[in-house]
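Engineer: Let me give you the structure first, and then I'll get to my questions.
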Amino acid sequence: MTTVGIDSSSLKPLSNSEKVPSPTAGYDQNVNASRIPYDDLEHSKATEVGKGGVGTTQRRLNRRHVTFIGIGGGIGTGLFIGTGSALAKAGPAGLFMAFVVVGAVLWCVMEGLGEMATLIPQAGTFPHYATRFIDPAVGFTLAISYGYCYTIAIASEVSAAALVVSYWTDITPAVVITIALVLIFAINIMNVRFFGETEVVSSSIKVICFIGLIIVSLVITLGGAPNHDRIGFRYWRDPGAFTDYNGITGSKGHFLGFLSALINASFSFIGVETVVIAAAETVNPHKYLPKATRRVTYRIAAFYILGALLIGMIIPYNDPNLSSGTGNANSSPWVLGIKKAGIPALDSIINACILISAWSAGNSYCYIGARIIVAMSIDGQLPKIFQKTNKSGVPYYAVIFSFLFGPLAYLSLGSGGAAQAFSWILSLSTIAGLLAWMTLSICFIRFYAACKAQGLDRNTLPYKGRFQPYAAWIGAIGSLIITLISGFSVFLKGNWNTSDFIANYIGIPIYIIPFVLWKLSKRTSFRKASEIDLWSGRFDPSEAPEEHPPTTWWGKFLDWIF
C-alpha cells in the first residue's frame, strides 16, 4: 500500500528498547510514535489480532444500524415510566432543569468518546481506551464495573418486560421471561447484522411512539383534547414549578428536589454512549461514528429535554399515580396526562412501546456485555477463549458468558431476601454508568495530553471533538458529582436507611476494589503522555466499501437522518 505524505523508506524500524512490553494491556506500546504520521496507513492500520485492541469480529454494521443502535440505547423505560417519579420528586421546573444539566454532561462525554472511537474503532472500546490511555488497572476496573452493570441489567429489563405484560393479562411472568431470553440469545448468537436490523425495527417503533406522544401532548396543552381545556403552563403555577422535597420548604427543598431528579435523569440518559461499543463492527467508522456521535446526542437530548418539558405541562406533580410503582403504563406520566385529558385507547399502545423498550434494552445489554468481555480478553484480562469467533464474526463464547446473567430474571419471581438482593443489584446501573462517563472523559484528557506531547495535530484526525479539553473536564467532574450525591436523601434528618445507603453507594467500592487488586497483582504503571500508543489499531479507510453520495432531495434527507 502507498503511504500518504511520507517516504516509507525513511522510516527506521523500532528496536526492542523503543517498545514498552505491556502484558497486562495485551499489546506493545510504541513510545517513538512521533516517527509515524497519522496518514501512514502502512504503519498504523489494524492488522494483527491483539495489537491496539484489534479483535476477530467482522465489520458488518452500516450507517443505519449504528444510528439506531445509538437511539435504541437512549430511549428505554426511563423515558416512558421513570420520568414520572422524577416529576413527583422535583416538580416540572426541577425535572426540566435536571434533564438539561445531565444532557449537557452527556454531550461533553460523547464529544471526547466520539473522537477516540473514530480514530481507534476496536473491540469493546471503553475498557481498551482506559487500558491504553490511563492504566491497565483502570481498564480492568471499568470493564468489571460497566460490564457487570450491563450483563446484570439483562435480567432487570426482561423482568420489566414481564411486568409490562401484566397490564393486559395474568399470564405467569415465567413464560414471558423465558420467551424474551430465548429471543435475546438467538439474535445475539447470529450474524451481527441481525442484531443491527433488530435495533432498527425496535428503535423505529420507539421513536415513532415518542414523536406521537409529543404531538398528543402539544394538542392537550393547546386545548385540542376532548375536554377542550387549554392547559398551557397551568401546572407550573398550581401546584407549582418545584416541590418541597421531603417536606423541606423554600429554596432548599426546591434544590433538593432538583438533585433527586438529577439522579433520575442520569438513569434515563445512561446507554446513549453505547453506540461506540459497536465501533469494531462498523463498516466505515470514520464516516458513521462522527455522524452517530453528533446526531444521536442531539436527538436524544431533544427527546428527553422536550419530553421533560411537556410531561410537566400535561400532568401535575402531585398526581398520586406518578409514584404508584406499577412498572407499566399505569405509572407512565404520558398515559396519566392523556387519560386526564379524556383521550381513550392510547394506554395500550404506549404499554406496547414500553414492552418493546424493555426487551430491546435487554437485547442491547447482552451485545454490550459480550463486547466488553471480548475487549478484556484482547487486552489480556480474560482468557483468550473469549476472543474466538465463528465464521460470521460472532464471539460466541463471550455472548454465552454475557447471556448467563439473563436467567437471574427468574429471581424477580421470588419474595423476601432473594428479590430484595436483586433490587439492590439493579441500583448499580446508574452509578456504573456515571463512573464510566467519568472514566471515559479522563481517557480523553489523557489522549489529548498524548497528542500534545507527541506533536499530533488533532485537526488531521477523522473527527475532532468540540470544546476540548474543557468539555472532557466538565464530563468527568459532572459525572463524579452526580455519583457522589446519588444517595443524598439518606443523610436527611430522619431518612437514614442502611439498605438504601448500600444500594446507592456500593457501586463505588465495586469500581475501586478491582482497580486496587489489578494494580497490586500486575504492578501496572500510569501511562505517560509521551509513551501513550496513539497509532496501533487504527482503521484503514481503504477497506471501507465505496459509497455514492445521494443526489435526490429524499436521498439527501435520509442521509441526514441516518
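Here the Cβ of each residue, glycine as well, is placed from N, Cα and C on the backbone.
All annotation found in TrEMBL is predicted automatically rather than curated by experts.
Sequence annotations record features per position, and here TrEMBL assigns compositional bias 'Polar residues' to 1-19. Summarising the annotation, TrEMBL assigns domain 'Amino acid permease/ SLC12A' to 65-528. The region 'Disordered' annotation in TrEMBL covers 1-31. Taken from TrEMBL, the feature transmembrane segment covers 66-87, 93-110, 174-195, 207-225, 255-279, 300-317, 349-374, 394-413, 425-449, 470-490, 502-520.
Locate each feature and note its surroundings.
Structural biologist: Packing against the transmembrane segment (255-279) from elsewhere in the chain are residues 61, 65-66, 69-70, 73-74, 76, 78-79, 82-83, 85-87, 89-91, 94-95, 97-99, 101-103, 106, 109-110, 113-114, 117-118, 121-122, 124-126, 242-246, 248, 285, 289, 292-293, 296-297, 300, 304, 308, 361, 364, 367-368, 371-372, 429-430, 433-434, 436-437, 440, 482, 485-486, 488-489, 492: each is 6 or more residues past its ends and has a CB under 8 Å from a CB in it.
Packing against the transmembrane segment (300-317) from elsewhere in the chain are residues 70-71, 74-75, 79, 83-84, 87-88, 90-93, 95-96, 98-100, 103, 106-107, 210, 213-214, 217-218, 220-221, 231-233, 235-236, 238-240, 243, 265, 268-269, 272, 333-334, 336-338, 340-341: each is 6 or more residues past its ends and has a CB under 8 Å from a CB in it.
Outside the transmembrane segment (394-413) by six or more residues, the chain places 55-57, 151-152, 154-156, 158-159, 162, 173-174, 177, 180-181, 184-185, 188-192, 362, 366, 369-371, 373-374, 377, 385-388, 419, 421-422 with a CB less than 8 A from a CB of the stretch.
Beyond the ends of the transmembrane segment (470-490), by six or more residues, the same chain brings 101-102, 104-109, 111-112, 246, 256, 259-260, 262-263, 266, 430-431, 434-435, 437-438, 440-442, 444-445, 448, 496-497, 500-501, 503-505, 507-508 to within a C-beta distance below 8 angstroms of the stretch.
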Engineer: Restricting to the domain 'Amino acid permease/ SLC12A' (65-528), what is the model's mean pLDDT?
Structural biologist: 84
Engineer: Mind checking which residues of the chain, 6+ beyond the ends of the transmembrane segment (425-449), have their Cβ under 8 Å from one of its Cβ atoms?
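Structural biologist: 105-106, 108-109, 112-113, 115-116, 126, 129-130, 133-134, 138, 142, 145-146, 148-149, 152-153, 156, 263, 266-267, 270-271, 273, 458, 465, 468-469, 472-473, 475-476, 479-480, 482-483, 486, 503-508, 510-511, 527, 529, 532, 534.
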Engineer: Go through 66-87, 93-110, 207-225, 349-374, 502-520 and flag the stretch with the largest number of C-beta pairs under 8 Å relative to the transmembrane segment (174-195).
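Structural biologist: The stretch with the most contacts is 349-374.
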